[in-house]
Amino acid sequence: MRSNVHQGHVARKRFGQNFLVDDGIIHGIVSAIDPQPNDIVVEIGPGLGALTDPLLERLPGMQVVELDRDLVERLRRRYGDRLVVHAGDALAFDFGKLREPGRALRIVGNLPYNISSPLLFHLVDFADDVRDQHFMLQKEVVERMVADPGSKSYGRLSIMLQVRYHMEHVLDVPPASFNPPPKVDSAVVRMIPWPRAEDGTLRSPYAACDAGVLGDVVTAAFSQRRKVLRNTLSFLRDQVDFDALGFDLTRRAEEVPVAEYVELARIVGGAEPPARVA
């Protein structure tokens with residue numbers, strides 16, 4: 001029987017609350033995280049503690065960010081000094097302030113599906129502070145995050161996150177693993193920020209570019225997915241010599257690799273185009 005009441009708490013739709021109850025899935029997630037005693041582990045949206053409990057079996061303490069005031073008080077009573085509870089909205093939270101020298105900052109959570117994309121983009125601002133992130137998300141979102149060019153799932157989210165993270169689709173989670181069950185399948189993703197070299201540049205497969213410019217270019221490219229780029233990127237003709245760059249405008253947006261979008265954003269942002277090999 002479906003119910004929105006679990007452990008005496010009524011799941012609140014406006015907070016996107018679906019509580020994880022499958023012990024096998026919980027074990028799989030904690031094993032994937034593999035928390036170490038010196039880690040600073042921060043959980044977003046701990047809910048009723050389905051992940052918090054097994055994480056604290058391996059950690060002396062951890063921190064959580066929770067918006068639901070009823071759950072905030074419940075968590076504080078239950079865990080006491082072992083759990084630092086930050087009451088507030090993760091979309092406005094400064095995760096960088098939790099960083100400590102010599103300790104890995106790691107962020108985990110079963111993210112509310114109704115704010116997952118904005119929250120992922122908010123966390124990009126703290127990628128330099130974080131060792132890794134493990135999140136439960138709608139399966140469709142995870143597939144978009146890790147998608148390759150040419151697939152239906154490939155889009156703005158794929159490009160903007162792949163530029164900053166190495167990502168892995170870790171495991172799938174069926175609706176029956178939650179109470180109340182969501183109407184969609186879920187999945188767990190691992191996100192590891194590309195590290196920086198001593199000079200501050202990212203050690204990633206992609207050249208450095210302005211994230212704002214890249215976002216504008218990619219948003220324009222995908223604004224009309226069924227049309228070729230000659231239509232959606234025509235406004236850049238005064239800034240970019242597409243022929244000299246070797247950028248084929250007869251393609252659709254989903255056919256263009258991340259590296260080509262990055263190079264296009266670099267040129268729009270003022271970088272010199274690369275020399276073409278004859």
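A Cβ is built for glycine as well, from the same backbone N, Cα and C atoms used for every other residue.
Here is what Swiss-Prot records for this protein:
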- ASN18, LEU20, GLY45, GLU66, ASP89, ASN110: S-adenosyl-L-methionine binding site (BINDING)
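Mapped onto this structure are the features recorded in Swiss-Prot.
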| residue | record | CB count, 10 Å |
| --- | --- | --- |
| ASN18 | S-adenosyl-L-methionine binding site | 25 |
| LEU20 | S-adenosyl-L-methionine binding site | 21 |
| GLY45 | S-adenosyl-L-methionine binding site | 24 |
| GLU66 | S-adenosyl-L-methionine binding site | 24 |
| ASP89 | S-adenosyl-L-methionine binding site | 13 |
| ASN110 | S-adenosyl-L-methionine binding site | 26 |
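Residues ASN18, LEU20, GLY45, GLU66, ASP89, ASN110, recorded as contacting S-adenosyl-L-methionine, have a largest CA-CA distance of 20 Å.
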